[in-house]
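*Asks:* Here it is, the structure in full.
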Ligand SMILES: NC(=O)c1ccc[n+]([C@@H]2O[C@H](COP(=O)([O-])OP(=O)(O)OC[C@H]3O[C@@H](n4cnc5c(N)ncnc54)[C@H](O)[C@@H]3O)[C@@H](O)[C@H]2O)c1
Ligand SMILES: N[C@H](C(=O)O)[C@H](O)COP(=O)(O)O
């Protein structure tokens, strides 16, 4: 792999499994052939995680992320953030550490924007704790789009080796979905998805499949009208622009083994329609990637897992998959290969 800049890895919720996963991913760096990454965190959080894990993980503070390349073989590189006022407790998410969680993300984005990091990989945040502290964004996806600047349309894609999915609406109540699902939004998200699959995933002519909103994709209008009024017009417009799109497909029958062979990505009207199949097929191999940003962002597909934080049993597989996907995307963008 060509020499790409290090990945900026955020700490996520300090009371969750993020700190432990940073250490475990670093411990597997050689077996997994990982590109260098640098954690953005107060040192005490990682020191505490090392003690808790009981493994030998030397931590090296770097003053510039470029130093991470030389450090990575022998120590976990860390860009030290200011310490939090509160001491994080494993298994408990707290609004008191929100400043650090948000600073880690904003610093990582800045490092991408000035070219010193090749991408951002985010550890999971506890959304409820951030909301309590006044965070106004539903999640990383929307926050990163705001940091990227006006006009940025972020598209959430979750991917593993068996399936790629895009939820066309994200963190909203189910009752809001029919109001927020529009033909224009479907068209825009499909175009962003197709462009990203070509550029970052090496799929020359991406095949898109759009799920219906209602049972049996509306059963010809007898179980809901959104397929006819919103989804079909979007599909027709996309086909006129030369995109390969099928749908609206009944959501219950589009995810079995043979059905998945007929498309490269499934776009679904609401969050759980998309995320249940992808997390069920391979939870630990899944990656959440934000398409449509001017920089690379990936993340594990799981959350903060407070119920197992600090116990040493969290699996780093999904974080490792996210680190590999970010490095692969950076390599493709650098070399065009
Ligand atoms: N990208 C993100 O920041 C992100 C993604 C998803 C959820 N979340 C947040 O995480 C919080 C908790 O969400 P949740 O409980 O729905 O999902 P979760 O993924 O945290 O946990 C679901 C189950 O999977 C297990 N699990 C998760 N990751 C694991 C790992 N690496 N190894 C072993 N077991 C693992 C947990 O122990 C739990 O039993 C919520 O606040 C949610 O908003 C954040
Ligand atoms: N919807 C995602 C999931 O359930 O896995 C997750 O909450 C991602 O949110 P971000 O926007 O924070 O990546």
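Every residue gets a Cβ built from N, Cα and C, even glycine.
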*Asks:* TrEMBL records 140, 141, 279, 297 as substrate-binding residues. Which of 288, 307 is assigned to the same site?
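*Replies:* So, going by the record in TrEMBL, that would be 288.
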*Asks:* Which one of 256, 271 goes with 171, 216 at the divalent metal cation site, as TrEMBL has it?
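*Replies:* Of 256, 271, 271 joins 171, 216 in the divalent metal cation site that TrEMBL records.
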*Asks:* Provide the three-state secondary structure of residue 288 (substrate binding site) computed with DSSP.
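*Replies:* Going by the DSSP assignment, residue 288 (substrate binding site) falls within a strand, counted as strand.
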*Asks:* For residue 171 (divalent metal cation binding site), which of the binding-site residues 279, 288, 297 has the nearest Cα in space?
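*Replies:* Nearest by Cα distance to residue 171 (divalent metal cation binding site): 288.
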*Asks:* Given the substrate binding site residues 140, 141, 279, 288, 297 in the record, what is the largest Cα to Cα distance, rounded to whole Å?
*Replies:* 19
*Asks:* Considering only the binding-site residues 140, 141, 216, 279, 288, 297, which possess a Cβ situated under 6 angstroms from at least one atom of ligand 2?
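*Replies:* What lies within reach of ligand 2, judged by Cβ under 6 Å, is 140, 141, 288.
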*Asks:* Compile a sequence-ordered list of residues in the same chain as residue 216 (divalent metal cation binding site), six or more apart from it, whose Cβ lies below 8 A from its Cβ; state 'none' when nothing qualifies.
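*Replies:* 223, 250 - these are the non-local Cβ neighbours of residue 216 (divalent metal cation binding site), listed in sequence order.
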*Asks:* Of the binding-site residues 141, 216, 279, which ones put their CB under 6 Å from ligand 1?
*Replies:* none
